[in-house]
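Remarks on the structure that follows.
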Amino acid sequence: MAASSGRSQSSLHRKGLMAADRRSRILAVCGMHPDHQETLKKNRVVLAKQLLLSELLEHLLEKDIITLEMRELIQAKGGSFSQNVELLNLLPKRGPQAFDAFCEALRETRQGHLEDLLLTTLSDIQHILPPLSCDYDSSLPFSVCESCPPHKQSRLSTDTMEHSLDNGDGPPCLQVKPCTPEFYQAHYQLAYRLQSQPRGLALVMSNVHFTGEKDLEFRSGGDVDHTTLVTLFKLLGYNVHVLYDQTAQEMQEKLQNFAQLPAHRVTDSCIVALLSHGVEGGIYGVDGKLLQLQEVFRLFDNANCPSLQNKPKMFFIQACRGDETDRGVDQQDGKNHAQSPGCEESDAGKEELMKMRLPTRSDMICGYACLKGNAAMRNTKRGSWYIEALTQVFSERACDMHVADMLVKVNALIKEREGYAPGTEFHRCKEMSEYCSTLCQQLYLFPGYPPT
């Protein structure tokens, strides 16, 4: 009787293995639709650079698109680019439902801009109109304020943006120009040391969906910002940590945890980018509560973050600092003599027991999207003005320009930009970015040097 039972269980096990094998063979034969394969192929490079896999793989596993073994195979690859390539190699072999499940997983993991890219490409291939995205209001391609009261936003009529000068389809495929050996040799001695691999850790914290009593609007275009920054920072040689939709308390806790990571000891710099609604001196969590920016800086100062002492720390704040829209002024005839004033810093170190003391806060540079009291502008398809300008300048000039000078160039780009939304208060609106610095040396990022 026992022997019979054992044979029965063994038979069931063999049948199970045969069924699994048969399912795999069916998937291989009945593969992905050719249009879906072509869509993935046309966007392969963008997907390989921009996909964020940690959560995405779990969704694909839950949908039976990949197996546990496949997930382990992907995760075993070194680096995010190689992992993304491995997933893209597997997807076309995972059956006719794989493409739709992949798009759904992108949407569920807040990578809707990549889903939009795929669906737009697919519609071009099939010669049909692209479906509307539910991730953002695609009827508002012009600039909107980062944190405008509801009564102001209600005036943004969909009848006014057909000829929007701000139209765009999302972040471009980024490339960062590498630093030459000659430039490095000529500048490294007068600059901060930036040789570690990776250059440092970067944290991108993006709040898009808001709850609570503040009635803060969905940050349409915010997904474009964080994806663009993640790509830029990776190309500049940073290990990037990404956090989405955090409450004010969660933001404070995650920033503190990030500041205390042991990896800061063996890297040469650090980046923190905060993308959300805001007011002067504070940035909103998704619960409508404020995190004070001074608290953010305190977490990374010399007293609280000794691992980053004497190392450059970069902060980028994409948020309003008030609710005033900059209407701009008419420029007078004649040459423009406007210049940005310089800012001198003094050394105040004293020796004690032959050990140099440090000021509590130093070696920081912070870029703000707008001036105090003003609103920051954001394009619902291309992302915020500031992040777009920042990405453009850093990708083109990090190879031969230090960070402070690049932020001056960002200011120049923002100064020239003008909103286009006829019939609304945002028509011909302006924005002016700024930065503040306690850097003590020139900060060159030296992208791509030394070659790996």
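Each Cβ is built from the backbone N, Cα and C atoms, and glycine gets one as well.
According to Swiss-Prot, the feature N-acetylalanine maps to Ala2.
Swiss-Prot lists 32-121 with the feature domain 'CARD'. Within the model, the domain 'CARD' (32-121) shows a mean pLDDT value of 90, rounded to a whole number.
The feature phosphoserine is assigned by Swiss-Prot to Ser157 (among others), with similarity to another entry given as support.
Sequence annotations record features per position, and here Swiss-Prot assigns active site to His277 (among others). For the recorded site, His277 (active site), the DSSP three-state label reads coil.
The active site annotation in Swiss-Prot covers Cys320 (among others).
As annotated by Swiss-Prot, region 'Disordered' applies to 327-349.
Marked as compositional bias 'Basic and acidic residues' by Swiss-Prot: 327-336.
Summarising the annotation, Swiss-Prot assigns phosphoserine to Ser340 (among others).
For the pair His277 (active site) and Cys320 (active site), the Cα-Cα distance reads 6 Å.
Cys320 (active site) carries neither a helix nor a strand DSSP state and counts as coil.
A simple way to gauge crowding: the CB of Cys320 (active site) has 26 other CB atoms within 10 angstroms, across all the protein chains here. Broken down with DSSP, the domain 'CARD' (32-121) shows 69 helix, 0 strand, 21 coil.
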